């Protein structure tokens, strides 16, 4: 037994999650102290006045900010409500499928049956597993939706406040944006941990000593989280990029007006898109990864020594690691908001990167503490039918290597997507000769950026598997996600700053303010790329851990690539990311086409729009994006959700194992290259626009031929970096977790076609 008692374990997990929620609410309160404008009896009295701007009526600017913020918030909320209505239907239908498939394993019998792993004992009936897996699925789905929705609410609440704080200086604006990001980061990680902890303890009331059945049904939690994330990511990604591409092509390239110009009809839809795609989608996505890696680790532990001897503290090791992560991230956040003040623009990016480094170093110490206190010094873990002897320091290495691999992937992504380094500067330079060379250089950069992350993942897999089998890999994935609160805070900071810049432009603030928000936004772009790197790296480890759990649960002794059943699965699985990307890219293209036509129509038919005398019709553009994304998210979603069901039912568990391995191996490569190519094109354009160095000045200014070539590259990269790339990591892990949940059914009744032949 470890040093920690069972009672203390309960207290630690509960206290950490409640502290996380409390800290998030405190940050929200601090952000809310920045007033936008509050109406009192005699009109607008209480408002934030920063530095008086020359020739600009402060009250007028404040009111404009409030008006624009309201438009963005209403647009984002109404889109999410509509999306969630569709998702409720999906939750009901898919919940019924889980119940019917799993219940039919033993013909809906209510008799206890022999356990799969702890031989000689009786376990609860398959019908109980069906009921509880369905409940866990619905809980995971609701928590995922809540995470995304709360994130979006705080982001739309904070964007105008960040703009107004930029009048007082860049440091104040940075703190407002970062605090708002922290609200989302802490709410998500603490909620995820709390709901999982409570579900386990409630399920235990029924399952009692049958831990094998308990933790098998808990895997539904991960499935619920990820299935919502898939639709959130794809729907939000199509929405945001249709608006972005439409706004850029007509506004910047054809009409030569600045980004976020209020005359552009698609500008509100573009800013709404940042919130529904980058915030709500990203929140659900990382929550999904977190839930799945926890479920995979818990499932493998339940069929190992921890589960057999009912050692609750050792069993809860994944939850204690997450609880430690919340405490570590809380300390790390204080470094950005309270301990170091940002005085000028050049300190923004280092401050964000410092967050990653500090949280990783502190977390390593935290992991060591948890590993030695919670785990026995020696124990055995399930390793495909045999028991592997493991020591507690082995698991310290497993979790730590995942954590550090995440940092390596993050910094590699930054090197390839930040315009401070040569790769992006080379892409910008290639714009001299037009858009074609820009596209060639950008694609090459994306393919090359895959090398180091893949080696990092490979080393993490090898080390963790040799030390602690499949449990080691699940814990490495959880290690990478243990600092999720800080990762998400940095990630949500990007779209909030982007919105703040848009609001400054639309409210007609001075050039000086716009420069400050642009600097915040440029740093946010790079950190968003780091966040995507984390999400993809952790997805690779999570899906491998889930794959291992699936293979164990389906009773497959070995996955042999030389058997035709497995090989056909492998080659089809490797094709799926391309099919999925084709669907999402085409959806963005066709939605953007409609948007471009609408924006052109308004410029041509509304008299006085270009001169700024008339207002554009923003709502029409918002409607185009909403309708397109809701319609277009269904086919890619169906592809991902139906593939494991069809492969498992008709071709059996071996073919399905092949499909999972194939999609994992090819999906990771496509996702990393797509995200980094898009990020590099975006920052190459920003590099030319900022004109910060002699080299950049020689390519500019805005409107020059190299700049137009850069805008075209950025537009091509938009669906790559914000729709296809990030959605692919959900594809690989969602198929794996779905296969694990349905494994009992596939093992009992799967492979219908091969049985007939």
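Cβ atoms here come from the backbone N, Cα and C positions, even for glycine.
The transmembrane segment annotation in TrEMBL covers 86-106 (among others). Below 8 angstroms of C-beta separation, residues 113, 125-127, 129-131, 133-134, 137-138, 141, 145, 220, 223-224, 227-228, 231, 630, 637, 641, 645, 741-742, 744-745, 748-749 of the same chain, each at least six residues beyond the ends of the transmembrane segment (86-106), sit close to that stretch.
Residues or ranges marked as transmembrane segment by TrEMBL: 126-152 (among others).
Residues 13-14, 16-21, 23-25, 27-28, 30-31, 34, 135-136, 139, 143, 146-147, 150-151, 154-155, 157-158, 161-163, 165-166, 214-215, 218, 221, 225, 279, 283, 286-287, 290-291, 294, 298, 319, 322-323, 325-326, 329-330, 333, 336-337, 342, 348, 351, 484-493, 496-497, 500, 516-517, 520, 524 of the same chain, all 6+ positions outside the transmembrane segment (173-200), place their C-beta atoms under 8 angstroms from a C-beta of that stretch. Here TrEMBL flags 173-200 (among others) as transmembrane segment.
Among the features that TrEMBL reports, transmembrane segment is placed at 315-336 (among others).
Summarising the annotation, TrEMBL assigns transmembrane segment to 356-374 (among others). Long-range Cβ contacts of the transmembrane segment (356-374) within its own chain (Cβ-Cβ under 8 Å, at least 6 residues beyond either end) map to 2-4, 9, 313-314, 316-317, 320-321, 324-325, 327-329, 331-332, 335, 392-393, 395-396, 399-400, 403-404, 406-407, 410, 479, 482-483, 486-487, 490, 530.
Summarising the annotation, TrEMBL assigns transmembrane segment to 394-417 (among others). Within its own chain, the transmembrane segment (394-417) is flanked in space by residues 317, 321, 353, 356-357, 360, 363-364, 367-368, 371-372, 375, 423-424, 445, 448-449, 452-453, 456-457, 459-460, 463-464, 467-468, 471-473, 475-483, 525-526, 529-530, 532-534, 536-538, 541, 672, 675-676, 679-680, 682-683, which lie at least six positions past its ends and keep a Cβ under 8 Å from the stretch.
Beyond its flanks by at least six residues, the transmembrane segment (438-463) meets 397-398, 401-402, 405, 408-409, 412-413, 416-417, 423-424, 426-427, 430-431, 472-473, 476, 533, 536-537, 540-541, 544, 668-669, 672-674, 676-678, 680-681, 684, 709-710, 712-713, 716-717, 720 of its own chain at Cβ-Cβ distances under 8 Å. Sequence annotations record features per position, and here TrEMBL assigns transmembrane segment to 438-463 (among others).
Under the heading transmembrane segment, TrEMBL lists 469-490 (among others).
Sequence-distant contacts of the transmembrane segment (534-556) (same chain, at least 6 residues past either end, Cβ-Cβ under 8 Å): 116, 216, 219, 222, 282, 285-286, 289, 292-293, 296-297, 299-300, 303, 382, 384, 402, 405-406, 409-410, 453, 456-457, 460-461, 469-470, 473-474, 476-477, 480-481, 487, 653-654, 656-657, 660-661, 664, 668, 671-672, 675, 725-726, 728-730, 732-733, 735-737, 739-740, 743-744, 746-747. Per TrEMBL, the feature transmembrane segment maps to 534-556 (among others).
If you look up TrEMBL, you'll see 562-580 (among others) marked as transmembrane segment.
Positions annotated as transmembrane segment by TrEMBL: 639-661 (among others).
Positions annotated as transmembrane segment by TrEMBL: 730-754 (among others). Beyond the transmembrane segment (730-754), the same-chain residues lying 6 or more positions past its ends with a Cβ under 8 Å from any Cβ of the stretch are 98, 101-102, 104-106, 126, 129, 133, 137, 216, 219-220, 222-223, 226-227, 229-230, 233, 285, 288-289, 292, 295-296, 299, 539-540, 542-543, 546-547, 549-550, 553-555, 565, 576-577, 580, 640-641, 643-645, 648-656, 659-660, 663-664, 667-668, 671.
Stretch with the most C-beta contacts under 8 angstroms to the transmembrane segment (469-490), considering only 126-152, 315-336, 562-580: 315-336.
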